[in-house]
Amino acid sequence: MTAHEVNFDGLVGLTHHYAGLSFGNEASTRHRFQVSNPRLAVKQGLLKMKALADAGFLQAVIPPHERPFIPALRQLGFTGSDEQILDKVARQAPRWLSSVSSASPMWVANAATVCPSADALDGKVHLTVANLNNKFHRALEAPVTEALLRAIFRDENQFSVHSALPQVALLGDEGAANHNRLGGEYGSAGVQLFVYGREEENEIRPARYPARQSREASEAVARLNQVNPQQVIFAQQNPEVIDQGVFHNDVIAVSNRQVLFCHEAAFARQKVLINQLRTRVDGFMAIEVPAEEVSVSDAVATYLFNSQLLSRDDGSMLLVLPRECQDHAGVWRYLNKLVAEDNPISAIQVFDLRESMANGGGPACLRLRVVLTEEERRAVNPAVMMNDALFTALNAWADRYYRDRLTAADLADPLLLREGREALDVLTRLLDLGSVYPFQQTGAADG
């Protein structure tokens, strides 16, 4: 059956700021306390979406979350009106205010893990929400992510959206950022590669930075998504690269159809994995970048592998990269050599995503890949699909509500909270989502 990959990109939230909340993510730590520009951030993301849609790629949007997230502060013992809580937490525990104001839901590669219908035992598209257990600010996301996905993938005859795994370290799950699918045509059965950083009985794990994904979680997600057991491979990421800032597998590898583009040091038992894939995937091709051409540290600094690898109509592939790759002489030299060689990657396209990149999120972080047949695509909420009208509407919406300068101190401004809620109220109507946010369900928008 014919199917296509649809990229669902996350819209950057109104409270996008640099707080250094993500230990193990070196860009996040390095840019802590810098002044951010939320309006520029959301527009950089929109420009990427629109450019790819104009080039013929199927593109959709996933909205941001409600931030600052007052219910989490109430759980932490802060009391009073919303405004009083903001004032208290800003004075008593500003770190918590930054955490509940994080715009991290924009990195929807961590929203869920997706199984196309061709790989599922029941013939449905499955999406299992990630619990993002390793970081407090990200562990807040799962309930609203689930509500948003249910509002987008509404048809229960076509889609099954599963709640996140229990919030315990043993089942730490980071979603599609640690998942790749390889195969031939999108509509044919593929091989799903689940990548983990640790497992309970295995002492091989990083020493400096946390391994966020557990094998136990990956196995549970594969079961929930009803992935055919004959089509699954579980592989451990190289703990040494995690300790160099590769906090998700999509910082060191990306796949599309029969191609795996990765660093030579990406996986713990890389030769074994490559041989498995060669046996299981017809026409499999591994493009392994040697350290002598691109070091792991340069890959992390430029996000070479946090790229999008997209199939074009002629069978060739386009590699979508952040501008940091072009700015790095060695990486750019390698890329120009790559597209001149005999492999499916025949073109590269560069985007300026500096606002997201400074928090450690490149092109791949910003998108969730969902393979859909024509019938399944018709069942998706049509209001989220990118086109000229939606691009114009979202830019006007961003101009109206987003600030062009934000610091950590601004997060305590009650006006920012009100601006955000009003913006999301408008957005849910624009995208036909219904009342997906807690403030809409409690009437807090009136208060």
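Backbone N, Cα and C define each Cβ position, glycine as well.
These come from Swiss-Prot:
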ACT_SITE  E174  active site
ACT_SITE  H248  active site
ACT_SITE  C365  active site, nucleophile
BINDING   19-28, N110, 137-138, R212, D250, N359  substrate binding site
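Ranking the recorded positions A19, L21, C365 by other CB atoms within 10 A of the CB puts L21 at the bottom. In the three-state DSSP scheme, H248 (active site) falls into the coil class. Cβ neighbour count for R138 (substrate binding site): 23 (other Cβ atoms within 10 Å of its Cβ, all protein chains included). Cβ-based neighbour count (10 Å, all protein chains) for H248 (active site) stands at 29. A coil conformation is recorded for C365 (active site, nucleophile) in the three-state DSSP classification, outside any helix or strand. In the three-state DSSP scheme, R138 (substrate binding site) is classed as helix.
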